[in-house]
Amino acid sequence: MKLSSLAALGVAVTGEADIVGVAADNRTVAPGDLFAGVPGEHVHGARFAADAVGRGAAAVLTDEAGAEHVPAGIPVAIAADVAAVLGRVAALVYGEPADRLRSFAVTGTNGKTTTAYMVEHILARLGCVTGLVGTVALQIAGEDVPASLTTPQPADLQRFLADLVAAGGTDLVMEVSSHALAQRRTDPIRYTVAGFTNLTQDHLDYHETLEEYFEAKALLFAEEKSERGVIWTDDEYGALLHERLMREGRPVAWAGRTQRDGRGWLVEGEGEFTLTGEQTYTCQTGLPGDFNVANAALAAAMVLEAGVPGAETAIADISPAVPGRMEVLSERPRVVVDFAHNADALEKAISSLRRDTAGRLITLTGSAGDRDALKRPIMGRVVAEGSDVFYLTDDDPHSEDPATIRAQIRAGAEGLVEIREIGDRAEAIADAILTAGDDDTVLLAGRGHETIQEVGSDLIELDDRVVARDALARRDRP
């Protein structure tokens, strides 16, 4: 594509070049790429333009301030807001790949990963060639592609979509975070169906208020972002969103256990449940917890609302393996790994496991540093009220003092439960499993699929599942 083609997007172009790709990280530039020098919080990305050119960048996209850092003689495209236009630029360069895909997006505080996996599972059962974008990984037709963010940066996302189309892809399934929506990382994709799981306190370090957090999520359901929405309305904010979309005349369906006005899907039952709209379908999920029935019902409703041929048969069993999401590692004792890292998710996981636990329920968790600190004592109280033993440990402290984080969590649990505070997470996991009785349940919460722990500037290999399996093996030794 010619660099001059970007003028159609309101970008001022000086010089000409043939562009084959887009990169916003100078370290990933390939010959013929357009390097996007995006202004950052601490440094302007255009400062790396010379390095990008040295790696083969054919031109640079930046703003007026960034243009000063572009080597002389290099073609430049200047935009008033590089971050805002980057997605549209990348889509144009890669041939608008999203336009050739049926697409599904899931947003919400909890349940995004599981619901996205469920949508992908249903589509794969129908023979669709899928691309999955989310917290755990990027996948094309079930094969992993490395990922670092729930929603990739715009240039990387458009490149992924182009690769998906080239592989014969038919469907895109994405988790879409509130950060991504606020930062316009998914622009200019317009999803076929967008789904909403729930909204509870989290990420207030970024959004400041729950209302601001809600408004960021609601962006996904605007006319320019999705064709239609499916909203889990048993959630307070889901009900508010559904009412708003109904008032605006947007195509929307509700899903939940309470009948609502308008088009919708009534859910009845637990592990095996019925989904009733214009017709009634019987579905089941092997994933534990009533919250996973909600996730499965939302996933099924999204595929049905998209009009995917054969969906009514594929939704009969919605039981994908979701790494680090209520993942059962053993039965005696039962050891479960889950990503629950806020009060609502912890309460749901603990409540679900309590019902099937004959012995003690032992919960191990911490809280990430440099994140919403207000949720920490609330998390502590939730664990204390639902558990028999509370292992208080570290998550990813980042730059915060781990002991301070633990103290803030402990403030909500003190005097309500037996607390065993062990900062070293691997040591805490081993102790919890080695001291558990055969009838006990051990919930390892907070990190799920994650394999790296960030402590200050150190990156430490730590996978709760690996540590747990090692401890289970030690239990079995004579």
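Every residue, even glycine, has its Cβ placed from backbone N, Cα and C.
TrEMBL lists Gly108, Thr109, Asn110, Gly111, Lys112, Thr113, Thr114 with the feature ATP binding site. The domain 'Mur ligase N-terminal catalytic' annotation in TrEMBL covers 19-90. Annotated domain 'Mur ligase central' per TrEMBL: 106-302, in sequence order. Look at TrEMBL and you will find 324-448 tagged as domain 'Mur ligase C-terminal'. The N6-carboxylysine annotation in TrEMBL covers Lys217.
Location within the structure of each feature annotated in TrEMBL.
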residue: Gly108; record: ATP binding site; DSSP class: coil
residue: Thr113; record: ATP binding site; DSSP class: helix
residue: Lys217; record: N6-carboxylysine; DSSP class: helix
Secondary structure composition of the domain 'Mur ligase C-terminal' (324-448) [DSSP: H/G/I, E/B, coil]: 44 helix, 29 strand, 52 coil
Distance [Cα-Cα, Å, rounded] between Lys112 (ATP binding site) and the residue listed as 'N6-carboxylysine': 12
Distance, the residue listed as 'N6-carboxylysine' to Thr114 (ATP binding site) (CA atoms, angstrom): 18
Other same-chain residues whose Cβ falls within 8 Å of the Cβ centroid of Gly108, Thr109, Asn110, Gly111, Lys112, Thr113, Thr114, the recorded ATP site, in sequence order: Val106, Thr115, Glu175, Thr197, Asn198, Asn295
Rounded inter-Cα distance in Å - Lys217 (N6-carboxylysine), Gly111 (ATP binding site): 14
DSSP helix/strand/coil residue counts for the domain 'Mur ligase N-terminal catalytic' (19-90): 26 helix, 16 strand, 30 coil
Sparsest-packed among the binding-site residues, when each Cβ's other Cβ atoms within 10 Å are tallied, from Thr109, Asn110, Thr113, Thr114: Thr109
